[in-house]
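Engineer: Please read through the structure below; I'll follow up with questions.
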Amino acid sequence: MSDYETILKGKYPAKDHAKRVADHIRSKVPGANGILYLEGRHTKLEEDSDHPEPFRQRRYFFYLTGCILADCHYIFDLKTSQSTLFIPPVDPEDVIWSGMPMTAEEAKEKYDIDNVLYTNEVNAELARLGKGSGSTAFAIANQVLDTVSFIGFEDKNFDVLKGAIEECRVVKDDYEVALTRKANAISTTAHHAVMKAVNTAKNEQELEAIFLERCFAHGAKNQAYHAIHAAGRAAATLHYVHNSAPLDGKLNVLLDGGAEWDCYASDITRTFPISGKFSKESRAIYDIVLKMQLESIKVLKEGILWDDVHELAHKIAIEGLLDLGILKGEADEILKARTSVAFFPHGLGHYLGMDTHDVGGTPNYADSDPMFRYLRKRGTLPAGSLVTVEPGIYFCSFIIEPYLKDPTHSKYIDTDVLDKYWDVGGVRIEDNLLITKTGSENLTPTIKEPEEIEKFVGSS
């Protein structure tokens, strides 16, 4: 049994998370007294239909409860540190169709919660806790039902709780890391299955079907995001969504896909040759991107400035594209002009957790510097944070052509050499890294060495 499987036999550490959030609020609001109040995602019907929308639990709620049930509420008493989960009571009409729901006793056994009551008791419990307390109810704006009353509380604060949870979510505990390892393990199985099938499949949607089937077969019914299965030049589209084009006549597939395990995401990208052998141009670009990733990973550790790691990746991209002749001129001048953004237009990576693009990254999408505008994490990395490292080089005519028309950039690009690379489409390699005090740990076991990929794909 894997170490992460042993950890996951325990309960999701909801009480520890609640106490961390409470301490954070006290640091922002000295002397804070009262309750934390959260609601899970409520059942919602599809438009013009009596069918419910696919359910996705609110991440703020899950962080303090570990509960994936719909229509639940939660209270944490700041004075006593007691947590109470409210679950839906038995609805006889619903039982006819859906069977018996979880009982309070079962919920208390399953979740790391002190008390479990039913949702028809929420207002009575709030009234009890607020009576004569002179305290504050901390909640999240626009996530409180109109039927919920905070009568008796001296104040209601809808400004602090959301940010407090987001800041606490940045640093993961062992259980959260174990969930991410599990998601990575399942996703790796799916990635490898697609690699094995790519030289016999007919189109992208076959590959997507294989990926989803492998995830589902291993218990991961939910994807962290809509996967990208992009063949040929479509790989130059960063978030390609069609996943339906034929594979015939194309060089490579870029697969960006990750399963979710108990609300925690994996986010993995691999690029591999459809024939089982990289073309000369594809291999050249792949080697540059792999170097970008490996050198970026080498410098990771607690306190590293993510902006600097992103810039390092650009410097390596420039060096590689100069060696190929796609770029020409002086490397420092090309970096200063930001011409490399034409080929590497996105950020090096982002925080990972319950959301694929997880909270706490403080990006600046208004940044006037195009090299940093789409960097989803700005600032230093703390130990315990999870980041993706996903450099890429792309040959997207829509992005590159404006650079070719701008003399500021066109003087650095050799169009005759560039023309040899359009069919490569794009290459991206993405792993999930745990930041430690002295370095990092790669949680993604998916193969990525080019010789190993060629052998793996070619042996199918």
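Each residue's number is its place along the chain shown, starting with 1.
A Cβ is built for glycine as well, from the same backbone N, Cα and C atoms used for every other residue.
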Engineer: Given Swiss-Prot annotates E390, E430 as Mn(2+) 1-binding, which of D248, D262, D267 belongs to that site as well?
Structural biologist: D267
Engineer: Swiss-Prot records D267, E430 as Mn(2+) 2-binding residues. Which of D256, D414, D416 is assigned to the same site?
Structural biologist: D256
Engineer: In angstrom units, rounded to an integer, how far apart are the Cα atoms of E430 (Mn(2+) 2 binding site) and E390 (Mn(2+) 1 binding site)?
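Structural biologist: Given the Cα positions, E430 (Mn(2+) 2 binding site) is 4 Å from E390 (Mn(2+) 1 binding site).
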Engineer: Give the number of CB atoms, excluding that of D256 (Mn(2+) 2 binding site) itself, located within 10 Å of its CB.
Structural biologist: 24
Engineer: Quick check for the class: what is the C-alpha distance, in angstrom and rounded, between E390 (Mn(2+) 1 binding site) and D256 (Mn(2+) 2 binding site)?
Structural biologist: 10
Engineer: Check the DSSP secondary structure of E390 (Mn(2+) 1 binding site), expressed as helix, strand or coil.
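Structural biologist: The three-state answer is coil.
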Engineer: Under a three-state reduction of DSSP output, how is D267 (Mn(2+) 2 binding site) classified: helix, strand, or coil?
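Structural biologist: Assignment for D267 (Mn(2+) 2 binding site) reads coil.
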Engineer: Of all the binding-site residues given, D267, E390, E430, which residue's CB has the most CB neighbours within 10 A?
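Structural biologist: Per the Cβ count within 10 Å, the most buried is D267.
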Engineer: With an 8 Å cut-off on Cβ distance to the D267, E390, E430 Cβ center, who else from the chain surrounds the Mn(2+) 1 site?
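Structural biologist: Near the Mn(2+) 1 site, the remaining chain residues are D256, G258, I268, T269, G349, T388, V389, R428, I429, D431, N432.
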